[in-house]
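In what follows, a single structure is set out as structure tokens and then discussed.
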Amino acid sequence: MATLRVSSLFASSSSSLHSNPSVFTKYQSSPKWAFSFPVTPLCSKRSKRIVHCIAGDTLGLTRPNESDAPKISIGAKDTAVVQWQGDLLAIGATENDMARDENSKFKNPLLQQLDSELNGLLSAASSEEDFSGKSGQSVNLRFPGGRITLVGLGSSASSPTSYHSLGQAAAAAAKSSQARNIAVALASTDGLSAESKINSASAIATGVVLGSFEDNRFRSESKKSTLESLDILGLGTGPEIERKIKYAEHVCAGVILGRELVNAPANIVTPAVLAEEAKKIASTYSDVISVNILDAEQCKELKMGAYLAVAAAATENPPYFIHLCFKTPTKERKTKLALVGKGLTFDSGGYNLKVGAGSRIELMKNDMGGAAAVLGAAKALGEIRPSRVEVHFIVAACENMISAEGMRPGDIVTASNGKTIEVNNTDAEGRLTLADALIYACNQGVEKIIDLATLTGAIMVALGPSVAGAFTPNDDLAREVVEAAEASGEKLWRMPMEESYWESMKSGVADMINTGPGNGGAITGALFLKQFVDEKVQWLHLDVAGPVWSDEKKNATGYGVSTLVEWVLRN
């Protein structure tokens, strides 16, 4: 094999992920900012001007550094693996690929050829490290000119998750060796159709980009990624695979935005900052995305009593109701969709205060994980520009705090459809904000709605930290979303909508209470939301309380962006 060394950069598929800096970095020189929002025709024809303290008055005087998203040139190449030149070569191998003959030589032709070029070092290293191709295994060979990494794919590499893991392992190896130019290949592509190869290349690219990303905005010192280029070898070339790789780059940009929004603490990301981020997305893609932001007075005109009750205590950080609309100027009929995200930028629990070590109150900055996914999807779709859909992105952003003005246990609030809710737990606030958001979404004339919310701890008891729960009374919509998630490599599981449980949600003095008994909490939460969706609208609720955050990495995951984008494109 030719010595691994730095080769000249190639020009194809130049990537500039997240080229527009996040709004989090725009407030470093001025303690105040002001912006004006257009008011929807439902409220008024006038424009309101809002002034809000940020950055200079931030608790702790924290001011984020610039976002440092990966900028990697990605291309599919037909270069033979043994002829490739660069810093690091990563090979994905299944357990079957690692089979040996009676002389302990690889049966796999590519591994056999590589081992021959390396005078048996690949075979020796994999034996010494007990590398058998199992998922999660890897072995590294270092040379004066570079490195080769073998990555285990398990019994078979049949899902996007396997290829994401391969890309992430390659990114980790590149990071540890400070590689600038890397390549990724599969030991065998037998049995992969042309379409499967294209999808595999896209998943590998996704894994490398997201695996290279580190959120260093809040570190006093950070080490920037050295990775500049990725070659994907042996999976084909041409416009189709390049388009799919570009699609992966756009989705990754949305995922990274989602991660940054959730990672940023509540003293940085307030409801107003979420609104400004939405404005920035609309400004960047102004030919296809419009924006309306409603303040508290305008929400009051729309009778959003449930949402405003949650927001009432946060007098220093007032609520903003965000509505983005994606629509290309083509005349063809468009399917009308809505993506609704829970947008609690911080959740103290209110008077039902989150207390004790198990409350995880310190992580309640991630209670806007649904909103982050919705805004990340808006950014990605602004780049991808599908022509046959009209998509409404809706977030009722606010904080759930404690004050004399705040909502109390036992209060009765009225949603914008006239239904009354007895608040028996102020810490079940997300569903109250979503109630008015779902009503608003239905009023846009949409045909289908997906809402995403870090709604219940019960879903984590049922499904653990990595899997979202999907609730819908519509089998067709369930199938659409499950297929989109599978194609994206995100995990979800359809849960039952047990209607008999609704009896436990009835109030003695109002139409309903906002929480039921302890058992089946994820189901009763979904049944609550159903009360605010028009029967003519197909609706699915994703409880993403588990997968929006990685305890292992102590970081946001950007969960939901990929599935939402894939689902929109399939409509």
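Note: Cβ is positioned from N, Cα and C throughout, glycine not excepted.
All protein chains considered, the CB of LYS354 (active site) has 17 other CB atoms within 10 Å. For LYS354 (among others), the entry in Swiss-Prot reads active site.
When secondary structure is read from DSSP and collapsed to three states, ARG431 (active site) falls in the helix class. Taken from Swiss-Prot, the feature active site applies to ARG431 (among others), supported by sequence analysis.
Annotation note: ASP347 (Mg(2+) 1 binding site) sits in a strand segment as assigned by DSSP. In sequence order, LYS354, MET364, ASP367, GLU399, ASN400, ASP427, GLU429, GLY430 make up the list of same-chain residues 6 or more apart from ASP347 (Mg(2+) 1 binding site) whose Cβ falls under 8 Å from its Cβ. What Swiss-Prot records for LYS342, ASP347, ASP367, GLU429 is Mg(2+) 1 binding site.
Here Swiss-Prot flags ASP347, ASP427, GLU429 as Mg(2+) 2 binding site, drawing on experimental evidence.
Taken from Swiss-Prot, the feature transit peptide applies to 1-53, supported by sequence analysis.
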Looking only at Cβ atoms, how many others are within 10 Å of the one on LYS342 (Mg(2+) 1 binding site)?
-> 30
Relative to the mean position of the Cβ atoms of ASP347, ASP427, GLU429, the recorded Mg(2+) 2 site, which additional same-chain residues have Cβ within 8 Å?
-> VAL310, LEU344, SER348, GLY349, GLY350, ASN352, LYS354, MET364, ASP367, ASN400, THR426, ALA428, GLY430
The sparsest Cβ environment within 10 Å, among the binding-site residues ASP367, ASP427, GLU429, is found at ASP427
Are there residues of the same chain, six or more positions away from ARG431 (active site), whose CB falls under 8 angstroms from its CB, and which are they?
-> ALA453, LEU455, ASN514, GLY525, PHE528, LEU529
How would DSSP class LYS354 (active site) in three states?
-> coil
If you take the centroid of the Cβ atoms of LYS342, ASP347, ASP367, GLU429, the listed Mg(2+) 1 site, which other residues of that chain have their Cβ within 8 Å of it?
-> VAL310, GLY343, LEU344, MET364, MET368, ASN400, GLY430, THR433, ALA453, THR454
